[in-house]
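S.K.: Dumping the structure here so I can ask a few things about it.
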């Protein structure tokens with residue numbers, strides 16, 4: 001039996017073809033982050049204390065997420081079990097390509113000044129976390145939430161420069177064992193047996209039973225039950241409490257990782273608040289912007305749109321598109337207010353902003369967050385609605401702009417007028433996008449398999 005079969009080679013070649021990028025929400029973002037961050041490292045070296053954050057860890061993690069997304073798409077295909085050796089070949093090809101990517105990136109970091117163990121541990125750890133990032137639309141809410149939490153250490157590794165430098169300079173006797181353990185985690189992640197939770201026919205029958213006759217549908221709307229005909233990404237079984245808890249949980253969970261990182265980055269002075277506070281203060285705007293990362297999910301995860309539209313709750317396609325947009329606006333407003341309140345409260349308690357400024361700063365932060373969360377809608381207007389990668393890239397761009405705006409408004413040097421104008425500009429752009437989105441969405445096809 002050959003060590004590497006023809007089927008294995010065929011599966012591996014797909015990673016160098018348009019098939020890998022088509023319908024992959026992480027590929028373009030990973031490429032952008034990797035190129036920009038590696039150029040930074042080549043220019044400034046691995047020490048980032050005086051050069052700001054470097055997003056190489058995020059880029060490496062998203063690269064593995066792109067590999068995992070392609071892998072699960074292949075093996076989850078209904079006909080995959082009927083093709084002899086297909087699942088095994090896809091598994092081997094995914095691991096081989098991940099190993100190739102990891103080796104190339106670790107070599108580049110090593111040539112830029114990292115230790116061999118540090119480069120291996122840094123790359124392998126980022127790849128391992130990326131392999132658990134949500135890559136399938138049929139995962140449960142618990143799985144999605146857990147994988148989002150798993151992504152938080154990568155955010156800290158990217159935006160706390162001293163932690164990044166410390167990991168890149170690990171001695172070999174620490175770095176290589178960490179890399180081996182991380183590689184084992186990747187191999188395990190790609191065998192993770194996820195439970196399918198969406199059965200299209202069952203969902204259709206359930207929704208049609210709920211819809212009933214036309215009078216029943218009208219009565220259901222009168223009782224406020226039309227929310228049952230919204231996608232899972234725009235509805236919550238926990239109601240308003242769940243919609244508030246989600247952004248608050250992401251914010252506070254990120255800080256739980258950021259505070260220990262701040263203690264380490266204080267270089268032995270973490271026991272004093274004055275040493276820790278500056279690092280924590282810088283992480284707060286990023287924590288507020290973290291929720292923007294999921295702002296495009298309602299446009300990417302549209303498996304059940306045709307089923308929900310077929311129930312007839314909303315009537316025309318335009319009404320259905322308006323209902324989707326209105327549900328997104330509700331969530332975006334709640335997310336913006338919750339994050340703005342928590343952020344301004346923390347900064348006011350730390351003395352970074354005065355109590356008198358808290359309301360105006362909070363309003364500016366909420367405006368920036370809301371406007372940034374609307375940027376994925378721009379993809380709908382361009383006619384590239386089918387591209388999951390572009391929608392996700394729009395969300396990442398929104399997160400970066402929101403973090404910059406929040407930092408400028410709350411922590412920027414006086415005068416803060418440019419940062420305030422930037423927040424207003426984001427808000428205006430968001431409002432314009434949302435105004436045009438429903439009609440464009442109603443006239444656009446809703447492809448299930450996207451490119």
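FYI, residue positions are counted from 1 along the chain as it appears here.
Each Cβ is built from the backbone N, Cα and C atoms, and glycine gets one as well.
Found this in TrEMBL, in case it helps:
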TRANSMEM  20-41  transmembrane segment
TRANSMEM  53-72  transmembrane segment
TRANSMEM  93-110  transmembrane segment
TRANSMEM  116-133  transmembrane segment
TRANSMEM  145-167  transmembrane segment
TRANSMEM  173-192  transmembrane segment
TRANSMEM  332-355  transmembrane segment
TRANSMEM  361-383  transmembrane segment
TRANSMEM  390-411  transmembrane segment
TRANSMEM  417-436  transmembrane segment
S.K.: Could you tell me whether the transmembrane segment (93-110) and the transmembrane segment (173-192) have 3+ CB pairs under 8 A, leaving out pairs under 6 positions apart?
M.R.: yes
S.K.: For the transmembrane segment (332-355) and the transmembrane segment (390-411), check the count of CB pairs under 8 Å (sequence separation 6 or more) and say whether it reaches 3 or more.
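M.R.: Yes; at least 3 Cβ pairs under 8 Å.
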S.K.: Which of 116-133, 361-383, 390-411 has the most Cβ pairs closer than 8 Å to the transmembrane segment (417-436)?
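M.R.: Checked against 116-133, 361-383, 390-411; highest Cβ contact count belongs to 361-383.
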S.K.: Could you give the residue numbers and ranges of same-chain residues that sit at least 6 residues beyond the transmembrane segment (53-72) on either side and whose C-beta is under 8 angstroms from one of its C-beta atoms?
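M.R.: Here the qualifying positions are 14-15, 19-20, 24-27, 29-30, 32-34, 36-38, 40-41, 90-91, 93-94, 97-98, 101, 105, 109, 122-123, 126-131, 133, 135-136, 151, 154-155, 157-161, 164, 186, 189-190, 194.
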